[in-house]
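Listed in TrEMBL:
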type	residues	note
TRANSMEM	38-58	transmembrane segment
TRANSMEM	65-85	transmembrane segment
DOMAIN	66-178	domain 'Phosphatidic acid phosphatase type 2/haloperoxidase'
TRANSMEM	105-123	transmembrane segment
TRANSMEM	135-153	transmembrane segment
TRANSMEM	159-181	transmembrane segment
Amino acid sequence: MSFALFIALRYTYDSSFFVSFDENMRLLFAGNKLIGLFHYLGETKFIIFITLFLLLWLWFKFQNYWGMFFVTLTIPVGILLNQLVKKWVKRPRPEIEDQLASFSFPSGHAMVGMLYLFTIAFLLSERTSVTIMKWLYWIGAGVIAFFIGLSRVAESRHFATDVIAGWLLGLTWFCICVYLYKNLKRNQITEK
């Protein structure tokens, strides 16, 4: 479902409806300094640090090689997927002074921010049987991912449709990764 919505948005973002939507979102959020602060949580250096931390944590504390595979599949491969899609779509960014040179669609902050936060929530949820904790992990990840994406509109680095596309593609990739992880792990257990 999320992939179908992503594809639909990819081919309609320049329609009058979405152009108007993007402009309304820009007017609503542009210049919001508080929301803008969340962009730091989606910066590449921060995400690399988090990814390395997760890999080391899974390796040293749990010797969880399947978890390490999952982290590698979701985050670094997700970053590569984002860059490939940007080059395929080639949508220019909003016109502002000192704008970034890379393409705009889908937002890397929105997509990869969601991927690393959902990966953390997934791994933490696997380690607890307390339902309320699982809910808190997922709600926390969702709220932070939402504000990371919104920060890109607040700073006029992306159109709102770029951010929505990032969330949709991020969710699609995350679901694929979970499916692969669970099935490969299950198959290994049944072979033993």
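Every residue, even glycine, has its Cβ placed from backbone N, Cα and C.
Automatic, uncurated: that is what TrEMBL annotation is.
The transmembrane segment (38-58) and the transmembrane segment (135-153) are in contact, since at least 3 Cβ pairs between them lie under 8 Å (pairs 6 or more apart in sequence). A contact between the transmembrane segment (65-85) and the transmembrane segment (135-153) is absent, since fewer than 3 of their C-beta pairs, 6 or more residues apart, lie under 8 Å. Here the domain 'Phosphatidic acid phosphatase type 2/haloperoxidase' (66-178) is broken down by DSSP into helix, strand and coil counts: 85 helix, 0 strand, 28 coil. Listed as Cβ neighbours of the transmembrane segment (159-181) (distance under 8 Å, sequence separation of 6 or more from its ends, same chain) are residues 2-3, 5-6, 9-10, 13, 18, 21-22, 25-26, 66, 69-70, 73-74, 77-78, 81-82, 85, 91, 94, 104-115, 118-119, 122, 145, 149-150, 152-153.
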